[in-house]
Each structure stands twice: as structure tokens, then as C-alpha cells.
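Here's the feature list from Swiss-Prot:
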BINDING   68, 69, 70, 71, 72, 73, 74, 75  ATP binding site
């Protein structure tokens, strides 16, 4: 059913199939979509009018989110931002909802050896890649307050554009440059969390892949040498044969296309749902279809405890043109200077 809904959202299928999907989904989803839109607008208006008061942190808050459901490449942008700010001498911290994790309490501080079972995959990935303080909580303001105890001077939120209970200074929206906004309908009739009008209010639009449109900063994900999930050994993907590829991300075909662009044709491509938990038995069985199992870095953080010696992941880095990157970092630094010292 999920696959059919995605086909309906993003189209580009034979007319007969699209007609069938319209007949199936419009009567059920249209009223729900209208209700979703009404509730979303009403909730945001309450914070804009002051009926509800958002938590304002004593340091700048930067939100990296999107207006569509699913993965658009937000986490690589968060990692990029953290690394750029660290290079400038700032001390960023990251907050996340911790989707897919079940921590014993909230807020919860992510450490180097924290399990994804507790906090989800993205927070663990961000912590291991950057070394920055990361805290998770469904109530993001609680996570922010925890990070303030760890000497941070900028807060970056991984997702949370629609979490208006947390006041923010700068907003990023990451756009899937290939799929864009689908049929431009609100959930569940389409993939939108908010209407496209919302894009006019954000500070930076980042287009992940595809052709960037007006006012969008182009970005692509640059893969590097494979890393062995178990040993940390590095090698070129072209050194491996009979690869089985797997991806448990928002849009698995993006990862499989990356492998093709690297000149690799997997013997099998296995998509999984985003944030899916994996078992050792399941992945061992999958790997037996070839000689090597290749996955995303986001999947790898969930497999370290039981990884086999023929399991590899492809690390990727967000690449943004220098002119856009300079404008982004200078804007954050300017806001930081306006705040002054968090201890002042």
C-alpha cells in the first residue's frame, strides 16, 4: 500500500495506472488532506499571533527541515553545517526527535556508543561523524536545554520545521531535486506537510540533486571510498564484485542510482522502509545473494553490533557551491554575533 501511495503522490506513471490511483485515493484522502491543512495552519497561527508562546533559546537556533514527508537529504546538510561551523571555531549542538528510538527518558544525550535502539539512526550518525553534542527528545526545547549544559553556542535541529513550539532564527528547507513536491497536495492526499507557499518564508532553500530552481542553492551528495562496517577498513567500490545493495532511507532508489553512477551494477537491490530496524539473521540471508553487502551510512550505524566482514557502507558528504556556502555560514555567524555570549 505504501508503494502505491508513493506512486500516486509523485506520478510519472502510465495514464491507466494514475487514473486507477486517483479513483482509489482521492475520495478517501481529499477530506483528510483538508482537515490536515486546517489543523496545521491553525497550529502555526497560534504561535505567530502569540496565543501560544514558543521557547526561545539564549543561542541561535537553526532548523534544517522540509515540507514533504520522507527523506530529502536533511541529515547530510546537518553534518555539513556542523562541520562548517566547527571549522569557524563555533560549538554547535544538534537536537533531534530521535525517531525510531525508545530512550529510557527524555531528553537523552547521545554518546559515542549509544545504540540506535535508544535514539534512532540519524542522531547516532551525526554524533559519530561530527563529535558534536547531540540530544534527542520529542519536545525539542527540552533537548535544547540539555545541550545548553554542554557549552554549545549554536543549536541545529535535524528536522523540526513544523515544530513551532521551538523558536528559530534561521530556517533551511531541503528539497529533493528529482521528485520535488509531487502532486503538491497535503498529506495524505500528497506528500506535503505544508503548502508550497511556506517556502517563501524560509531563509535558505537547498536543492538535493536535480536542477536547482530560482533562489535554491544546488547540492549534491559526494560518495567516497567504502568503509567496512565491522573493521573500518577502506576500499574502492570497484574492487568488489557481486554486490548486494540495500537502503533503508526515505527514497532508496537514490542510493541505488548513486551506485550505478559509480559504475556498479548490484546483483540485487533491496529497499527497506526508512528507520527500519534490522536483524542479524535478516541481513546475513540478504548478503548471501552475493559476495558483499553494501549499504548507506545511515543503515550501517544500526548494524555495527553484528556486522560481518563483507559488509560495507558508502559515506556521503553534502557538496554546496562556495558562494552559497559562504552566504549560509556568514548568516549564521552574524546571528551568533547578535546574540553575543550564551553565558552573558
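Cβ atoms here come from the backbone N, Cα and C positions, even for glycine.
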Sort residue 72 (ATP binding site) into helix, strand or coil using the DSSP assignment.
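Residue 72 (ATP binding site) sits in coil per DSSP, no helix or strand.
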When you measure from the Cβ of residue 68 (ATP binding site), how many other Cβ atoms are you left with inside 10 Å?
26
Just to be sure I understand the packing, how many Cβ atoms besides its own are within 10 Å of the Cβ of residue 70 (ATP binding site)?
15
For the binding-site residues 71, 73, work out the Cβ neighbour count at 10 Å and name the residue with the minimum.
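Output over binding-site residues 71, 73: least Cβ neighbours within 10 Å is 71.
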Let me check the 10 A CB neighbour count of residue 74 (ATP binding site). How many other CB atoms are there?
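Within a 10 Å radius of the Cβ of residue 74 (ATP binding site) lie 25 other Cβ atoms.
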Other than its own, how many Cβ atoms are within 10 Å of the Cβ belonging to residue 75 (ATP binding site)?
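There are 27 of them.
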Here the binding-site residues are 69, 72; which one has the lowest number of other Cβ atoms no more than 10 Å from its Cβ?
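Candidates: the binding-site residues 69, 72. Fewest Cβ atoms within 10 Å: 69.
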